[in-house]
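Notes follow once the structure below has been shown.
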Amino acid sequence: MINNTTKIFKKTILVIVLLISGSVMISWFLDIEEILSVISDSATMKFNTALLFFLTSFCLIIENKKGKKSQSIYFILTGIILLIGTLSILEHGFQIDLAIDNLFVKDQISKNSPGRMSVATSLCFTLLGIGFLGLKTRKIQFKKISQSIVLITMFIAFISAITYVLKIPAENKTFFFETMAIHTSLLFLFSSSLIALKTPNIGFIKLLFSKLNGSSLLRKMIPFILLIPFLLSYFLSDLIHKNIIEYNFGIIIYTVILILISIIYTSIISFGLNKSDYKRRALDQNIISKNEELIQYKIALNSVTALTITDNKGVIKTINDNLTKMTQYTEKELLGNDFSLFYSDHYEPSFFENILAVLNNGTIWEGELQNLRKDGTTIWVSCSIIPFKNEHGTIEEFVVLKQDISKRKKAEALLESQYVKQLEAKNKELEQFTYIASHDLQEPLRTVTSFSDILSTEYQDKLDEQAKISFKFIKQATSRMSSLIKALLDYSRLGYEQKLTTINCNTLIDNITKDLNTTISQTNTKIEAKKLPELKGYETAIRLLFQNLITNAIKFRQKDRSPIIKISAKQKGNIWEFCVEDNGIGIAKEFQKKIFAIFQRLHLKDEYEGTGIGLAHCQKIANLHGGEIWVESSPMKGSKFYFTILNE
Ligand code: ADP
């Protein structure tokens, strides 16, 4: 309620009080009667009154200033207000002159007690002074009392203002209000409202401005209570003064109209209240049914999931029975404990840090987790973690819903192992088939080769040129077929090596280099092997793997430069990652997967010799050692062949 408009309103009123009191003080020196008593022949605002209003405005300005100096000034000013107010009351009470009335200017206008404030004015200033002191107490009770005192001042000023509006002649006023000027009443109204508004959170002011229904009713009623009787009195007294109606009749009309307007006004307000009550009841009903719905959801949720609610640090605040069953912990053991209680060492700490990062972004995390139970065993759960934000947008709690999926996981693992077994069996069958087929094919092929050799030598003289060319083609085809079958046989034999040995990769590369000595020196190849590791593996296979990669690097060299081959290795956890890098012709992106398949080649055999099985061998060997193989390359920029070996 105390918003910007109120601030501007308060400042304006303060300026009005300052201006009026200032002009009255000046007018006393300059004898401007029109300002001293605004209504002719009525009471004047005394110099002391104007001075005290001036001081009141200062008190209001410096009231909330923090400095010691301002606070001392505040108390001095309050003291002066209290002192002059009280002394004036004493003057009235004991009919004495304490020489304060004409201290600053001499009042030559007022007939009775010149320069002296009216009883009502003196009392009002004393009350305002108490009000100012009340603003500085810490005790709510005192603050409430002083607020009520300020409201009494407001009430006195209001009554005095009414006497003017109703044009009650001074002689008809009680001596209490006799000499309170109209602008004095108004300035009391203004300054007491400003003081009362300084304590908006207590007492009547709180009641007036709160958002609750009672306060809204009060706000609606106050204008009615203040205005209607007042306006009615004003019009009727005017009619009575002008002898248009008689006094007694006036009272009857006043009563009847007041009752009528009261009934109409209160009916309108009651209608409004009923309307908002209907709305509230409908809302209540809605909330009740939504609550019931929520309870149903909760029951449903509780019956199928384990629920945990933690604060934003992961401390468990709420759980349901399913969680205690799932984790084997008691409710007492869980509440107040950390959620990390369920973390299993199946995961690296970074795994949970990543989950937390997702949650702290305000995103729901969903996934499958292995959870630790009290007895040290683990279970698989399907888990959803929902972060809940408060009204400031910061995460306040996490709601964790878990479902036991251990049975499903077991079934999946079983299926997987069955599948792996079937696959292994099928692979064996296939390898055997390849072995037998390639082995048996060699025999007829040898026959074809030897008989075509016999034919071509025995019938050398009888064969014409065309037949000789045909024999040449037969010879080429059979020798190629023979090398293909041999390659196939080698491929199917891979993996039959039984003995795992410790292989020194540096020695291995040295030996390969020696074997390939002729090719290496013919092609001017440079092989740079960085310090390579020792590892456990099938030596013949690993040797074949390196040899294939090195021979390919030499074979697929660029025409205008000598091959440079760099071999390196990096340890990543429990695997070794090798890289064989060359400066050869490179491989386009679209072929980089295809080349590892059996008999897949990117070139004609006239261009580059080969069967297309070398990389298939490499892949099988890497797989045999728990690893994989891949290539990074681009045409004419060389290739990097990577392969990994599991180092157990
Ligand atoms: P082959 O060498 O007998 O052709 P591979 O299986 O060893 O069979 O290689 C398959 C294909 O991959 C090759 O035909 C060639 O096109 C490509 N390739 C292999 N290694 C390289 C390399 N170092 N540089 C460029 N291309 C290569």
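Using the three backbone atoms N, Cα and C, a Cβ is placed for every residue, glycine included.
Here is what TrEMBL says about this protein:
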- 291-348: domain 'PAS' (DOMAIN)
- 365-417: domain 'PAC' (DOMAIN)
- 436-648: domain 'Histidine kinase' (DOMAIN)
- 12-30: transmembrane segment (TRANSMEM)
- 42-62: transmembrane segment (TRANSMEM)
- 74-94: transmembrane segment (TRANSMEM)
- 114-135: transmembrane segment (TRANSMEM)
- 147-166: transmembrane segment (TRANSMEM)
- 186-209: transmembrane segment (TRANSMEM)
- 221-237: transmembrane segment (TRANSMEM)
- 249-273: transmembrane segment (TRANSMEM)
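Under the criterion of 3 or more C-beta pairs below 8 Å, with sequence separation of 6 or more, the transmembrane segment (42-62) and the transmembrane segment (186-209) qualify as touching. Between the transmembrane segment (186-209) and the stretches 12-30, 147-166, 221-237, the greatest number of Cβ pairs separated by less than 8 Å involves 147-166. Note on the transmembrane segment (147-166): residues 39, 42, 120, 123-124, 127-128, 130-131, 134, 173, 177, 180, 182, 184-186, 188-189, 192-193, 195-196, 199, 202-205, 226, 230, 233-234, 237 of its chain, located 6 or more positions outside it, place their CB under 8 angstroms from a CB of the stretch. Long-range Cβ contacts of the transmembrane segment (12-30) within its own chain (Cβ-Cβ under 8 Å, at least 6 residues beyond either end) map to 36, 45, 47, 49-51, 53-54, 56-57, 60-61, 104-105, 107, 183, 186-187, 190-191, 193-194.
Secondary structure of the domain 'PAS' (291-348) per DSSP (helix as H, G, I; strand as E, B; remaining residues coil): 29 helix, 13 strand, 16 coil. Beyond the transmembrane segment (249-273), the same-chain residues lying 6 or more positions past its ends with a Cβ under 8 Å from any Cβ of the stretch are 213, 217, 220-221, 224, 228-229, 232-233, 236-237, 239-240.
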